[in-house]
Amino acid sequence: MFITLVKKKILYNWHFLYFLLLFLILFSTLSPSVGLIDAGELIFGIEYLNILHPTGYPFFTLLGKVFFLFLPFLPPAFKGNLFSFFIGFLAIIILYFLIKKITNDKLISLIFITIFAFSNLFWSIVNEIEVYSLVVFLIVLICYLFLKSKKINITYFLFYILGISLTHHLMILAIILPILIYFFLTKKKKITILLIFLFLGFSFYLYLPIRASLKPLFNWGNPKDFLRFFWHISGKQYRIWSFSLSMEEVIRNFFKEINFLLKEMLYFYFLLSFWGIYFLFKKNKNFALILIFTVIIGILNAVNYGIPDIQPYYLPAFIPLIIFSAEGFVNIKVFCQKIIKSAFLVLTFLLLIILNYQNNNKRNYYLAEDFTFNILQSLPENALVITDWWDFYSPSLYFRHLKKIRQDLIIIDKELLRRTFYLEYLKKVYSNFLDTVKEELKEYEKYLYQFEYGKLKNNLDIQRAYVKLLKKFIENKKEKAFIVYLNLRDYDLKALLINKKLIPYFLAFQVKDTGEYEYYDFNNLKYRRPQKILNERENLIIDYYKKMINLNIYFLEKSNQKEKIEELKKILLKF
């Protein structure tokens, strides 16, 4: 009888069915493969318990490892994407209960989790592995716990979560700072014990020095001591892009963010958030102030950060705006009729699906996998590849260490080569090859340590040693040296190619003494066109395919190989 009652409740509870619908739609767009940007590094990092790029993300790494252990039968890339998806969907559920607690209205809560779930901003971070889905989860959990923090046990748990959040991503400081200030002002007698719980959560950061001391395979930043640990968690490596922009750039970034958020919230809901600020302030002044400061800090951080993929940094502002907008909606009486709310839900749902589904559909997304595999499979045995392209190098880490594909190749990221931790990785993986450049490596390593510790006297010394090392890499591989560069105007590349020529070889460039061209059969090219609308980063790869095919056509025309030229022209039409 009990089971029958439960079944009936589920069957007739359309809220549950609506959540199921959200789940299925989002899940239908989940990527099956490794993606661009940090995906390869993150999956590799979780599987091997590496140290990830700054700020280290220890909680993400350990949580991911536990998740992976429960799914040993799935490919690592899909496990990573599934991990991000489940964290993101849990965040949606918490956001629903958060909005329902504020508005006391289930339908309105469904409207606003729909806006959030089907926004490009959220959708793009839950259909493949990224650290940002955990950012969303932690921010909405912090908000929810704050609303229930009248109970002291909840407050203790809130501070534990604040501590964990500090170990994840610096953008979460946007909400952590105002909450800490609030409790310092209102709970002075309890502050000592609250800080104990904060540091318990923060203790996840102990993973970094402990794991670094055990010398994992990819030990980013090598945070083995306090100084290097501080550099890593504070993102020293990225400070060059943070709060270094001109006022003109900051203003431009501000309007860019506002315009982005306007579109994400369908304009109307964005404007409604200002109405909601007033009413939430009347209802819960403290929470409203915390959200206002979260928006301000989040925007200030985003507009002062000069990186291409800035959209995820809008999340700390986006989440409070969703909450404010929901409060604004519930305080417009005409909207509170059930039929009106239902109409808003249906229209919002359909409109966002129409606008955003194709932007985020990664169901058959193999762009990064195919691009990386095409290059790797074409290269001769034991070849050297030097690259400046993270969207090639990050997936190559996945192929080498998790798929065990083309482990004979020596693949070097020229930008990571500017970090001492990376030299240690290269020594572990390519020890025999590095034995052939001992003198050059020793000289460069000396200057690199001086650079990292701020003791370098002459920048020209390290630049000369850097170029000398790269040239020695190429010299030792002779006709088996290749480059995969996004930017062929790279300053360092000019120095490397003195008395050398770059000749296209399939999708890479071969570094040669002569201009002799060698054709690689393009019928081996594997390309599965993505179903989604491509973004700027993805279009760079498509443009690269076209460029390399056209360059191969150019060299074939020199030798009048008409049949091969026609083949390449047909292949070019795929792009």
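Glycine residues also receive a Cβ, built from the backbone N, Cα and C atoms like all the rest.
Here is what TrEMBL records for this protein:
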- 16-37: transmembrane segment (TRANSMEM)
- 57-74: transmembrane segment (TRANSMEM)
- 80-99: transmembrane segment (TRANSMEM)
- 106-125: transmembrane segment (TRANSMEM)
- 131-147: transmembrane segment (TRANSMEM)
- 159-185: transmembrane segment (TRANSMEM)
- 191-208: transmembrane segment (TRANSMEM)
- 265-281: transmembrane segment (TRANSMEM)
- 288-307: transmembrane segment (TRANSMEM)
- 313-332: transmembrane segment (TRANSMEM)
- 339-357: transmembrane segment (TRANSMEM)
- Query: Are there 3 or more C-beta pairs under 8 Å linking the transmembrane segment (339-357) with the transmembrane segment (57-74), counting only pairs at least 6 apart in sequence?
  - Reply: no
- In the same chain, which residue numbers or ranges, 6 or more beyond the ends of the transmembrane segment (16-37), come under 8 angstroms Cβ to Cβ? 10, 43, 75, 77-78, 80-82, 85, 88-89, 92-93, 96, 110, 113-114, 117-118, 123, 126-130, 309, 353, 357, 360-369, 372, 390-391, 394-395, 398, 537-538, 541
- Note on the structure: Sequence-distant residues near the transmembrane segment (265-281) by C-beta distance (under 8 Å, 6 or more away from its ends) are 102, 112, 115, 119, 287-289, 291-292, 321-332, 348, 351-352
- Same-chain residues at least 6 beyond the ends of the transmembrane segment (131-147) with a Cβ under 8 Å from one of its Cβ atoms are 38, 42, 57, 59-60, 63, 84-85, 87-88, 90-91, 94-95, 97-98, 101-102, 122, 125, 154, 157-158, 161-162, 164-165, 168-169, 171-172, 175-176, 179, 284, 287, 290-291, 312, 315-316, 319, 323
- Query: What stretch, picked from 80-99, 288-307, 313-332, has the most CB pairs under 8 A with the transmembrane segment (159-185)?
  - Reply: 288-307
- Which residues of the same chain, at least 6 past either end of the transmembrane segment (313-332), have a Cβ under 8 Å from a Cβ in it? 95, 98-99, 102-105, 108-109, 111-112, 115-116, 119, 121, 132, 135-136, 139-140, 143, 171-172, 174-175, 257, 260-261, 264-265, 269-270, 272-277, 279-280, 283, 291-292, 294-295, 297-299, 301-302, 305, 344
- Message: At a C-beta cut-off of under 8 Å, are there same-chain residues at least 6 beyond the transmembrane segment (288-307) that contact it? List them, or none.
- Response: 143, 146, 170-171, 173-175, 177-179, 182, 238, 241-245, 249-250, 253-254, 257, 277, 280-281, 313-317, 319-321, 323-324
- Message: Cβ pairs under 8 Å only, please: of the recorded stretches 80-99, 191-208, 339-357, which one is richest in them relative to the transmembrane segment (106-125)?
- Response: 339-357
- Where else in the chain does the transmembrane segment (191-208) make close Cβ contacts, counting only residues six or more beyond its ends and a cut-off under 8 Å? 51, 56, 58-59, 61-62, 155-157, 159-167, 183-184, 223, 229, 232-233
